[in-house]
Amino acid sequence: MEYLLQVKVGALVGLLLLTLLFGLIPARVKWFRDTNGTETHRIVLSLISCFAGGVFLAACLLDIIPDYLSDISAELDAQKVETSFPLPEFIMAAGFFTVLILEKMVLSCRQMRGAHGERAPLLSENGHGHGHSHAGAVTTADLESSGHHVHVDFQAHSPFRSFMLFLSLSLHSVFEGLAIGLQNTDSKVLEICIAILVHKSIIVFSLSVKLVQSAVQPLWIAAYIGVFALMSPLGIAIGISVMEAGLAAGALIQGILEGLAAGTFVYITFMEILPHELNSAGNQVLKVFFILLGFTVMAALTFIG
(Lines of atoms letter the chains of each structure in order from A; the text may use other names.)
(Lines give C-alpha, C1' and ligand atoms only; values in the text may rest on other atoms or scores of the structure.)
Protein backbone atom coordinates (compact mmCIF):
# COMPACT_ATOMS: atom_id res chain seq x y z
CA MET A 1 0.00 0.00 0.00
CA GLU A 2 2.92 2.31 0.77
CA TYR A 3 4.30 1.94 -2.79
CA LEU A 4 0.83 2.53 -4.25
CA LEU A 5 0.58 5.76 -2.24
CA GLN A 6 3.98 6.89 -3.58
CA VAL A 7 2.83 6.23 -7.16
CA LYS A 8 -0.33 8.28 -6.57
CA VAL A 9 1.64 11.18 -5.08
CA GLY A 10 4.05 11.01 -8.04
CA ALA A 11 1.06 11.14 -10.41
CA LEU A 12 -0.28 14.15 -8.48
CA VAL A 13 2.99 16.10 -8.80
CA GLY A 14 3.48 15.12 -12.46
CA LEU A 15 -0.02 16.24 -13.43
CA LEU A 16 0.41 19.55 -11.61
CA LEU A 17 3.77 20.46 -13.21
CA LEU A 18 2.91 19.35 -16.76
CA THR A 19 -0.43 21.16 -16.74
CA LEU A 20 1.25 24.37 -15.56
CA LEU A 21 3.95 24.05 -18.25
CA PHE A 22 1.57 23.52 -21.19
CA GLY A 23 -0.96 26.03 -19.87
CA LEU A 24 1.49 28.89 -19.47
CA ILE A 25 3.07 28.58 -22.96
CA PRO A 26 0.29 30.51 -24.80
CA ALA A 27 -0.14 32.85 -21.82
CA ARG A 28 3.56 33.80 -21.63
CA VAL A 29 4.74 33.62 -25.25
CA LYS A 30 4.19 37.00 -26.90
CA TRP A 31 3.48 35.39 -30.30
CA PHE A 32 0.14 34.06 -29.03
CA ARG A 33 -0.85 37.41 -27.50
CA ASP A 34 0.06 39.59 -30.47
CA THR A 35 -3.19 40.67 -32.16
CA ASN A 36 -1.49 43.03 -34.64
CA GLY A 37 0.80 40.55 -36.37
CA THR A 38 1.07 39.72 -40.06
CA GLU A 39 -1.71 38.11 -42.07
CA THR A 40 0.14 34.77 -41.84
CA HIS A 41 0.37 35.14 -38.06
CA ARG A 42 -3.38 35.75 -37.80
CA ILE A 43 -4.21 32.79 -40.04
CA VAL A 44 -1.95 30.47 -38.01
CA LEU A 45 -3.55 31.67 -34.75
CA SER A 46 -7.00 31.08 -36.24
CA LEU A 47 -6.03 27.55 -37.30
CA ILE A 48 -4.61 26.81 -33.83
CA SER A 49 -7.94 27.98 -32.44
CA CYS A 50 -9.76 25.63 -34.85
CA PHE A 51 -7.52 22.75 -33.73
CA ALA A 52 -8.44 23.61 -30.12
CA GLY A 53 -12.11 23.56 -31.16
CA GLY A 54 -11.67 20.03 -32.52
CA VAL A 55 -9.95 19.00 -29.28
CA PHE A 56 -12.85 20.33 -27.20
CA LEU A 57 -15.41 18.69 -29.51
CA ALA A 58 -13.70 15.32 -29.07
CA ALA A 59 -13.36 15.85 -25.32
CA CYS A 60 -17.08 16.59 -25.19
CA LEU A 61 -18.36 13.69 -27.33
CA LEU A 62 -15.76 10.99 -26.63
CA ASP A 63 -14.67 11.67 -23.04
CA ILE A 64 -16.84 13.85 -20.81
CA ILE A 65 -20.32 12.71 -21.91
CA PRO A 66 -19.54 8.94 -22.09
CA ASP A 67 -17.79 9.07 -18.68
CA TYR A 68 -20.76 10.84 -17.14
CA LEU A 69 -23.41 8.57 -18.68
CA SER A 70 -21.49 5.49 -17.56
CA ASP A 71 -21.02 6.76 -13.99
CA ILE A 72 -24.57 8.02 -13.49
CA SER A 73 -26.14 4.86 -14.99
CA ALA A 74 -24.07 2.64 -12.69
CA GLU A 75 -25.03 4.73 -9.67
CA LEU A 76 -28.75 4.82 -10.56
CA ASP A 77 -28.66 1.03 -10.90
CA ALA A 78 -26.89 0.76 -7.53
CA GLN A 79 -29.55 2.99 -5.93
CA LYS A 80 -32.26 0.89 -7.68
CA VAL A 81 -33.73 3.98 -9.35
CA GLU A 82 -35.95 2.79 -12.20
CA THR A 83 -37.68 5.32 -14.48
CA SER A 84 -38.55 5.64 -18.16
CA PHE A 85 -37.65 9.34 -17.96
CA PRO A 86 -34.15 10.06 -19.42
CA LEU A 87 -32.81 11.39 -16.10
CA PRO A 88 -29.06 11.42 -17.00
CA GLU A 89 -29.76 13.46 -20.14
CA PHE A 90 -32.07 15.78 -18.19
CA ILE A 91 -29.30 16.54 -15.67
CA MET A 92 -26.98 17.36 -18.57
CA ALA A 93 -29.64 19.65 -20.08
CA ALA A 94 -29.92 21.40 -16.69
CA GLY A 95 -26.20 22.21 -16.88
CA PHE A 96 -26.66 23.53 -20.43
CA PHE A 97 -29.58 25.80 -19.52
CA THR A 98 -27.90 26.98 -16.30
CA VAL A 99 -25.01 28.43 -18.34
CA LEU A 100 -27.36 29.83 -20.99
CA ILE A 101 -29.51 31.62 -18.37
CA LEU A 102 -26.48 32.90 -16.42
CA GLU A 103 -24.81 34.22 -19.57
CA LYS A 104 -27.92 36.04 -20.78
CA MET A 105 -28.43 37.56 -17.32
CA VAL A 106 -24.81 38.78 -17.28
CA LEU A 107 -25.12 40.26 -20.80
CA SER A 108 -28.45 41.92 -19.90
CA CYS A 109 -26.91 43.51 -16.82
CA ARG A 110 -23.98 44.80 -18.87
CA GLN A 111 -26.37 46.28 -21.44
CA MET A 112 -28.35 48.01 -18.69
CA ARG A 113 -25.14 49.56 -17.36
CA GLY A 114 -24.21 50.85 -20.81
CA ALA A 115 -22.39 47.83 -22.20
CA HIS A 116 -22.20 49.46 -25.62
CA GLY A 117 -19.30 51.57 -24.41
CA GLU A 118 -17.60 48.44 -23.08
CA ARG A 119 -17.95 46.58 -26.36
CA ALA A 120 -16.54 49.21 -28.70
CA PRO A 121 -12.83 48.99 -27.67
CA LEU A 122 -12.88 45.18 -27.66
CA LEU A 123 -14.33 44.97 -31.15
CA SER A 124 -12.30 47.77 -32.68
CA GLU A 125 -8.99 46.55 -31.24
CA ASN A 126 -9.37 42.82 -31.60
CA GLY A 127 -11.81 42.26 -34.44
CA HIS A 128 -12.66 38.58 -34.11
CA GLY A 129 -10.17 38.00 -31.36
CA HIS A 130 -7.40 37.25 -33.86
CA GLY A 131 -6.75 40.81 -34.92
CA HIS A 132 -8.51 40.66 -38.29
CA SER A 133 -8.25 44.44 -38.58
CA HIS A 134 -5.78 47.06 -37.46
CA ALA A 135 -5.14 50.71 -38.13
CA GLY A 136 -5.31 51.54 -41.82
CA ALA A 137 -5.79 47.92 -42.91
CA VAL A 138 -9.50 47.15 -42.74
CA THR A 139 -10.29 44.56 -45.39
CA THR A 140 -13.52 43.76 -47.21
CA ALA A 141 -13.68 40.49 -45.27
CA ASP A 142 -13.47 42.45 -42.01
CA LEU A 143 -16.33 44.72 -43.01
CA GLU A 144 -18.44 41.83 -44.24
CA SER A 145 -17.86 39.69 -41.19
CA SER A 146 -18.31 42.59 -38.77
CA GLY A 147 -21.61 43.41 -40.45
CA HIS A 148 -22.95 39.89 -40.11
CA HIS A 149 -21.22 38.26 -37.14
CA VAL A 150 -20.18 40.94 -34.64
CA HIS A 151 -22.78 39.86 -32.08
CA VAL A 152 -21.60 36.26 -32.31
CA ASP A 153 -17.91 37.07 -32.02
CA PHE A 154 -18.28 39.46 -29.12
CA GLN A 155 -20.06 36.87 -27.04
CA ALA A 156 -17.86 34.02 -28.30
CA HIS A 157 -14.74 35.68 -26.91
CA SER A 158 -16.37 37.10 -23.79
CA PRO A 159 -14.55 36.54 -20.49
CA PHE A 160 -17.77 35.04 -19.07
CA ARG A 161 -17.77 32.17 -21.57
CA SER A 162 -14.05 31.65 -21.00
CA PHE A 163 -14.74 31.39 -17.28
CA MET A 164 -17.52 28.83 -17.86
CA LEU A 165 -15.19 26.82 -20.11
CA PHE A 166 -12.57 26.91 -17.37
CA LEU A 167 -15.15 25.91 -14.73
CA SER A 168 -16.53 22.92 -16.67
CA LEU A 169 -13.04 21.65 -17.51
CA SER A 170 -11.94 22.11 -13.89
CA LEU A 171 -14.86 20.06 -12.56
CA HIS A 172 -14.07 17.31 -15.07
CA SER A 173 -10.40 17.40 -14.01
CA VAL A 174 -11.40 16.81 -10.38
CA PHE A 175 -13.30 13.67 -11.43
CA GLU A 176 -10.35 12.49 -13.55
CA GLY A 177 -8.06 12.91 -10.53
CA LEU A 178 -10.63 11.11 -8.36
CA ALA A 179 -10.44 8.13 -10.74
CA ILE A 180 -6.66 7.93 -10.12
CA GLY A 181 -6.96 8.39 -6.36
CA LEU A 182 -9.55 5.61 -5.99
CA GLN A 183 -7.50 2.93 -7.80
CA ASN A 184 -6.13 0.03 -5.75
CA THR A 185 -3.31 -1.17 -8.06
CA ASP A 186 -0.19 0.77 -9.07
CA SER A 187 -0.34 -0.44 -12.72
CA LYS A 188 -3.87 0.95 -13.09
CA VAL A 189 -2.79 4.26 -11.51
CA LEU A 190 0.08 4.61 -14.01
CA GLU A 191 -2.12 3.60 -16.95
CA ILE A 192 -4.81 6.18 -16.15
CA CYS A 193 -2.25 8.85 -15.22
CA ILE A 194 -0.37 8.59 -18.55
CA ALA A 195 -3.65 8.81 -20.48
CA ILE A 196 -4.73 11.88 -18.47
CA LEU A 197 -1.28 13.53 -18.80
CA VAL A 198 -1.38 13.41 -22.61
CA HIS A 199 -5.05 14.34 -22.75
CA LYS A 200 -4.79 17.19 -20.25
CA SER A 201 -1.64 18.69 -21.81
CA ILE A 202 -3.52 19.24 -25.09
CA ILE A 203 -6.66 20.43 -23.28
CA VAL A 204 -4.86 22.99 -21.09
CA PHE A 205 -2.89 24.34 -24.07
CA SER A 206 -6.18 24.79 -25.96
CA LEU A 207 -7.83 26.38 -22.90
CA SER A 208 -4.93 28.82 -22.54
CA VAL A 209 -5.22 29.82 -26.23
CA LYS A 210 -8.94 30.52 -25.71
CA LEU A 211 -8.27 32.61 -22.57
CA VAL A 212 -5.60 34.66 -24.37
CA GLN A 213 -8.05 35.37 -27.22
CA SER A 214 -10.82 36.39 -24.80
CA ALA A 215 -9.09 39.61 -23.69
CA VAL A 216 -8.74 38.16 -20.17
CA GLN A 217 -6.12 39.99 -18.09
CA PRO A 218 -2.72 38.16 -18.01
CA LEU A 219 -2.88 37.90 -14.21
CA TRP A 220 -6.31 36.25 -14.43
CA ILE A 221 -5.06 33.85 -17.13
CA ALA A 222 -2.22 32.79 -14.82
CA ALA A 223 -4.74 32.36 -11.98
CA TYR A 224 -7.09 30.29 -14.19
CA ILE A 225 -4.26 28.01 -15.37
CA GLY A 226 -2.92 27.69 -11.82
CA VAL A 227 -6.32 26.69 -10.42
CA PHE A 228 -6.98 24.37 -13.37
CA ALA A 229 -3.60 22.68 -12.80
CA LEU A 230 -4.57 22.04 -9.18
CA MET A 231 -7.89 20.34 -10.04
CA SER A 232 -6.63 16.86 -10.99
CA PRO A 233 -4.20 16.75 -8.02
CA LEU A 234 -7.14 17.83 -5.81
CA GLY A 235 -9.18 14.94 -7.19
CA ILE A 236 -6.29 12.53 -6.56
CA ALA A 237 -5.95 13.83 -2.98
CA ILE A 238 -9.70 13.37 -2.37
CA GLY A 239 -9.51 9.84 -3.82
CA ILE A 240 -6.51 8.97 -1.62
CA SER A 241 -8.34 10.33 1.45
CA VAL A 242 -11.44 8.29 0.65
CA MET A 243 -9.36 5.13 0.15
CA GLU A 244 -7.31 5.70 3.30
CA ALA A 245 -10.36 6.48 5.45
CA GLY A 246 -12.52 3.73 3.91
CA LEU A 247 -15.45 6.13 3.41
CA ALA A 248 -18.34 5.81 0.93
CA ALA A 249 -17.61 7.95 -2.12
CA GLY A 250 -20.94 9.75 -2.44
CA ALA A 251 -21.08 8.57 -6.05
CA LEU A 252 -24.56 9.91 -6.76
CA ILE A 253 -23.55 13.51 -5.93
CA GLN A 254 -20.41 13.05 -8.03
CA GLY A 255 -22.55 11.78 -10.93
CA ILE A 256 -24.92 14.76 -10.76
CA LEU A 257 -22.00 17.21 -10.69
CA GLU A 258 -20.44 15.41 -13.67
CA GLY A 259 -23.74 15.79 -15.53
CA LEU A 260 -23.94 19.53 -14.87
CA ALA A 261 -20.31 19.90 -15.97
CA ALA A 262 -21.03 17.88 -19.14
CA GLY A 263 -24.01 20.13 -19.97
CA THR A 264 -21.84 23.19 -19.46
CA PHE A 265 -19.22 21.76 -21.78
CA VAL A 266 -21.81 20.98 -24.47
CA TYR A 267 -22.91 24.63 -24.35
CA ILE A 268 -19.38 26.01 -24.56
CA THR A 269 -18.36 23.66 -27.39
CA PHE A 270 -21.37 24.15 -29.65
CA MET A 271 -22.40 27.71 -28.79
CA GLU A 272 -18.99 29.36 -28.40
CA ILE A 273 -15.91 27.60 -29.71
CA LEU A 274 -17.10 26.19 -33.05
CA PRO A 275 -19.45 29.05 -34.09
CA HIS A 276 -16.74 31.66 -33.48
CA GLU A 277 -14.30 30.22 -36.00
CA LEU A 278 -16.88 29.02 -38.53
CA ASN A 279 -18.71 32.37 -38.52
CA SER A 280 -15.58 34.43 -39.23
CA ALA A 281 -14.64 34.94 -42.88
CA GLY A 282 -11.78 33.28 -44.74
CA ASN A 283 -10.09 29.85 -45.01
CA GLN A 284 -13.30 27.95 -44.26
CA VAL A 285 -12.18 24.59 -45.70
CA LEU A 286 -8.80 24.85 -43.94
CA LYS A 287 -10.56 25.68 -40.67
CA VAL A 288 -12.80 22.61 -40.97
CA PHE A 289 -9.68 20.52 -41.68
CA PHE A 290 -7.98 21.76 -38.48
CA ILE A 291 -11.14 21.19 -36.42
CA LEU A 292 -11.17 17.63 -37.82
CA LEU A 293 -7.44 17.30 -37.09
CA GLY A 294 -7.91 18.29 -33.44
CA PHE A 295 -10.83 15.88 -33.15
CA THR A 296 -8.82 13.07 -34.78
CA VAL A 297 -5.83 13.52 -32.43
CA MET A 298 -8.07 13.30 -29.37
CA ALA A 299 -10.04 10.38 -30.87
CA ALA A 300 -6.78 8.51 -31.52
CA LEU A 301 -5.61 9.12 -27.95
CA THR A 302 -8.95 7.92 -26.62
CA PHE A 303 -8.78 4.81 -28.82
CA ILE A 304 -5.21 3.99 -27.72
CA GLY A 305 -6.05 4.77 -24.07
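Cβ atoms here come from the backbone N, Cα and C positions, even for glycine.
Copied over from TrEMBL:
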TRANSMEM  12-31  transmembrane segment
TRANSMEM  43-65  transmembrane segment
TRANSMEM  85-102  transmembrane segment
TRANSMEM  189-209  transmembrane segment
TRANSMEM  221-243  transmembrane segment
TRANSMEM  249-273  transmembrane segment
TRANSMEM  285-304  transmembrane segment
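Contact count against the transmembrane segment (285-304) (Cβ pairs under 8 Å) is highest for 43-65, out of 12-31, 43-65, 85-102, 189-209, 249-273. Beyond the ends of the transmembrane segment (221-243), by six or more residues, the same chain brings 5, 8, 11-13, 15-16, 19-20, 23-24, 27, 162-163, 166, 169-171, 173-184, 196, 200, 204, 207-208, 211-212, 249 to within a C-beta distance below 8 angstroms of the stretch. When Cβ-Cβ distances under 8 Å to the transmembrane segment (85-102) are tallied for each of 12-31, 43-65, 189-209, 249-273, the top count falls to 249-273. Remark: the transmembrane segment (12-31) makes no contact with the transmembrane segment (249-273), by the rule of 3 or more CB pairs under 8 A.
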